[in-house]
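Below is one structure; the comments refer to it alone.
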């Protein structure tokens with residue numbers, strides 16, 4: 001293993017405060033010290049010692065401390081910066097300047113020289129210089145050697161010109177590597193003599209093709225005890241710091257986090273217990289951060305090497321700190337070179353996530369294996385020029401290979417792992433911005449143009465004014481009748497004086513009661529509409545004369561139209577309109593679902609096209625799902641793109657466009673859709689999960705894993721919200737179209753809750769609280785099943801099967817059964833349902849689906865038992881409407897007309913349709929309840945006047961009721977009989 005030496009001192013780099021400022025010179029000015037009396041109350045004289053990179057830059061002059069603890073040093077030290085010299089950007093990035101506050105003691109008469117005592121140390125981070133930030137008098141903490149208090153130093157750092165050019169800053173990057181600790185270390189690691197140096201090393205490209213070894217030394221062996229606190233500060237890799245607090249890097253902390261969010265190994269649920277136990281047992285702690293600057297060439301090399309070799313070795317070892325023998329001076333100069341390393345191990349860090357768009361940080365646990373040259377070289381062989389730390393140092397491993405391998409093997413036996421973090425200030429692969437994604441989506445799907453102004457706006461405004469005037473007139477007339485009573489028709493005309501008195505009383509009553517003001521407010525909106533639609537006035541008037549002229553014109557027009565409205569009310573008798581049955585869009589969607597269930601796709605398509613709002617998102621999403629059911633992917637793509645053109649920020653439309661793009665093998669477009677959905681709604685579990693499935697389909701396992709981890713992170717708060725909602729006993733209706741719920745959809749119209757149970761026998765309890773899907777893949781399945789995206793459903797279910805440690809869940813089997821039933825795989829569906837019943841036999845959805853399977857197999861007796869069991873549950877199944885329809889049809893087939901009537905009426909209460917009222921009508925007809933049958937069939941005919949079965953039963957009912965009505969016209973009866981005989985239907989005997 002290579003253990004590179006720290007940079008050796010170079011005396012030529014030190015400058016006194018009297019040296020002039022040169023080009024590429026870094027100046028450090030210590031302005032003053034504060035709170036110095038907190039160190040020692042009798043401190044009177046201090047000085048500051050400045051060093052960098054092992055070189056002493058200078059000492060300030062002795063400065064007196066004022067009574068309030070301030071010492072004005074105004075001392076400047078400098079060193080020369082050289083990209084290729086001893087003080088390069090590699091040193092500036094990794095090594096801070098060390099400032100030591102020294103107390104100068106008064107010398108006694110017997111002393112020849114003054115004694116000095118170090119009081120405290122401060123560490124100055126020089127990395128902002130590389131980032132083109134000159135520090136103007138920052139205040140840094142000075143940590144004391146032997147006291148819990150601390151003082152502060154005011155320091156200024158500057159350069160004459162930036163150390164890095166603009167192109168180097170924009171195209172380069174800063175990398176930091178933090179080695180936190182090694183956990184679950186071998187039992188052989190015990191405090192011994194001589195002391196041991198626990199080290200780790202990682203090499204990264206830094207300047208062009210040159211490589212920089214990042215060495216972590218002096219790990220602290222800790223025995224059993226409490227786990228490391230979080231957050232805790234990261235530390236400098238400094239050896240000459242006597243004040244422990246000065247080792248802490250300012251504003252840099254180890255924050256930790258859930259194991260599931262890590263990028264390394266041992267982040268599965270089954271590893272949790274081992275991780276918790278290992279963190280509180282024997283471990284080696286570094287908590288050290290090493291940093292380096294990557295120039296543009298090094299950034300390109302880094303990306304190339306990660307692409308060629310995703311696993312980078314991090315070597316670990318133990319080395320004794322025994323000094324060289326005193327008598328062997330010939331080896332003293334190469335003492336470091338003769339040291340032997342023990343417990344040589346290696347961990348492989350997967351760097352591939354850094355090539356994912358927008359990823360700047362990886363952190364995780366990485367297992368340590370025994371170091372073997374052949375294995376390590378095989379791992380990095382694909383990396384081309386990637387080299388191991390062991391190739392550039394002269395430290396020798398043990399002479400005997402067998403003991404070395406034996407000691408290294410203890411890492412594997414103990415399960416040792418390293419906790420590391422690698423962070424860049426800029427992502428190697430930039431993530432596309434949301435604006436760019438939105439632009440790309442608009443290029444593929446142009447927004448729908450604005451609708452032209454609706455014609456007839458002025459006419460509609462005038463009609464509304466007429467209606468308001470008529471309503472107010474009727475209300476005033478009612479007030480008049482209450483005050484003075486209705487005048488009999490034969491009473492004659494009322495004299496003028498009486499009418500005036502009545503008018504005054506009516507005005508007083510209207511004003512005093514506030515009704516006059518209410519009538520005026522009712523007219524206000526109608527008048528505003530006339531001004532906007534008829535006169536097209538939406539802006540203020542320029543002059544008062546224009547305003548008065550407009551008011552006069554408007555007044556005349558309104559009075560004329562008031563007279564028109566009153567004349568229509570008083571003298572025209574309008575015929576009452578024929579009542580119309582208004583079918584809502586929700587009903588049309590329900591009718592379409594009924595046709596889909598009955599495999600009447602032509603009728604279902606007709607219902608979809610009858611929706612009154614073709615410019616609404618629900619219409620296009622539902623129609624697209626219907627097209628996916630028919631496997632018409634191109635038409636489904638058109639529907640989802642129409643929805644997206646109405647709202648380019650609609651996340652579900654983006655996801656569905658991505659799904660059909662995958663089905664059509666338009667993978668570049670699909671990636672844009674999924675990425676845009678995740679940017680628009682980062683909290684969407686479904687969006688991240690579908691993105692992960694897409695990347696997995698592209699064999700991009702790294703990005704797929706990151707998407708799945710993000711989905712799991714977003715799932716936890718959603719589960720907490722859903723549990724709180726389910727705990728209140730609220731069951732969300734699927735007819736809602738809110739976008740806050742992941743599983744919510746426009747597809748399902750769930751019937752309302754039942755009020756009565758019509759079947760004998762005990763009611764079954766519900767299977768506890770029916771919790772929402774508890775994994776990211778079941779959340780995705782719930783969404784995908786609504787839109788018949790079977791290809792992605794199967795992918796999600798495959799993942800769900802892999803993550804279930806205790807075997808598949810009932811939710812998995814139920815979703816798989818629905819998929820099989822949709823594809824006509826009845827045998828496989830039956831197997832899945834039996835597995836579901838074995839796990840959760842109290843789930844009404846399971847028995848409903850079992851009933852559907854038996855119904856399609858024409859096993860009506862078994863289907864009847866399953867449906868009756870479903871209805872007896874306290875809580876409804878998800879598709880109770882279709883349970884009612886099919887159970888009612890079985891009752892009719894079995895001539896159980898009373899039960900059929902009740903079950904169809906139950907369906908009508910929750911979600912009425914032509915088929916539900918038809919079932920009621922047939923049951924009533926068979927029960928010879930002809931009046932009720934006619935009413936029910938009339939309702940069915942109003943909802944769908946093209947159903948032949950409805951007309952047939954209406955004809956039967958009409959033929960049955962014509963005789964009791966007592967038709968007395970012999971000629972008409974004879975014509976009716978002749979028509980029946982000629983057409984061959986009916987009973988001419990009556």
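From the backbone N, Cα and C atoms, a Cβ is placed for every residue, glycine too.
Note that TrEMBL annotation is computational and uncurated.
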Matching 634-671, 672-709, 710-747, 748-785 to TrEMBL annotations, region 'Disordered' lands on 710-747
Spatial neighbours of the repeat 'TPR' (617-650) not adjacent in sequence (6+ beyond its ends, CB under 8 Å) are 438, 441-442, 444-448, 585, 589, 592, 596, 601, 604-605, 608, 611, 656-657, 660-661, 663-664, 680, 737, 739, 745-747, 786-789, 822
Using DSSP three-state counts, the residues of the repeat 'TPR' (617-650) come to 27 helix, 0 strand, 7 coil
Across the domain 'C2' (7-139) the predicted model averages a pLDDT of 77
